[in-house]
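Swiss-Prot annotations:
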type	residues	note
DISULFID	49-77	disulfide bond
DISULFID	52-61	disulfide bond
DISULFID	70-96	disulfide bond
DISULFID	102-121	disulfide bond
DISULFID	107-118	disulfide bond
DISULFID	122-127	disulfide bond
DOMAIN	47-141	domain 'UPAR/Ly6'
CARBOHYD	134	N-linked glycosylation site
CARBOHYD	147	N-linked glycosylation site
LIPID	147	GPI-anchor amidated asparagine
SIGNAL	1-25	signal peptide
């Protein structure tokens with residue numbers, strides 16, 4: 001009996017398919033987040049953050065985070081990651097916070113305990129998916145200006161004056 005190429009291909013494809021099933025990731029993807037976030041909000045500008053208190057790692061935090069909207073008096077998603085010197089997670093805390101809790105992001109070493117704590121904040125729906133692991137990740141990322149003033153009052157008078165001159169009028 002001679003070997004069948006079709007049978008060999010079938011066996012090879014079956015083996016590859018089994019390997020692909022075994023290589024699934026434990027982390028969430030952007031596609032998962034879009035599925036989690038519905039299009040309606042309880043109030044204008046409503047948003048969600050992953051929330052957990054001292055979870056063992058990022059997967060445990062994101063997996064069991066309650067699917068609720070942040071309170072109106074909050075604006076950002078906060079993440080605090082405590083890790084060993086090797087980078088292994090000790091604890092993960094995520095929550096909705098006001099601006100004041102996001103003013104000291106970054107990483108610091110705990111010399112006596114031998115671990116590092118990195119803190120980050122972000123603005124947006126479920127934006128706190130990843131963990132901060134170093135100074136590059138431990139940032140305060142916003143999509144809108146933090147200091148929302150009404151602009152400079154003298155700018156309006158300058159613009160009006162320029163329009164008057166351009167139109168050939170005098171003040």
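Keep in mind that glycine also has a Cβ here, set from the backbone N, Cα and C atoms.
In the structure as shown, the Cβ atom of residue 127 (disulfide bond) sits within 10 Å of 20 other Cβ atoms.
Summarised by DSSP class, the composition of the domain 'UPAR/Ly6' (47-141) is 11 helix, 37 strand, 47 coil.
Remark: residue 96 (disulfide bond) has 49, 51, 70, 71, 74, 76, 77, 78 as non-local neighbours, by Cβ distance under 8 Å and separation of at least 6 in sequence. For the pair residue 107 (disulfide bond) and residue 134 (N-linked glycosylation site), the Cα-Cα distance reads 6 Å.
Considering other CB atoms within 10 Å as the measure, the emptiest surroundings among the disulfide-bonded residues 70, 77, 102, 121 are those of 70. Applying an 8 A CB threshold to same-chain residues 6+ apart, the list for residue 52 (disulfide bond) reads 60, 61, 62, 64, 65, 92, 93, 94, 95. Confidence in the domain 'UPAR/Ly6' (47-141), given as mean pLDDT, stands at 94. Within 10 Å (C-alpha to C-alpha) of residue 134 (N-linked glycosylation site) lie the following disulfide-bonded residues from 102, 118, 121, 122, 127: 118. Of all the Cβ atoms in the protein chains shown, 22 others lie within 10 Å of the Cβ of residue 118 (disulfide bond).
For the disulfide-bonded residues shown (61, 107, 122), fewest C-beta neighbours within 10 angstroms: 107.
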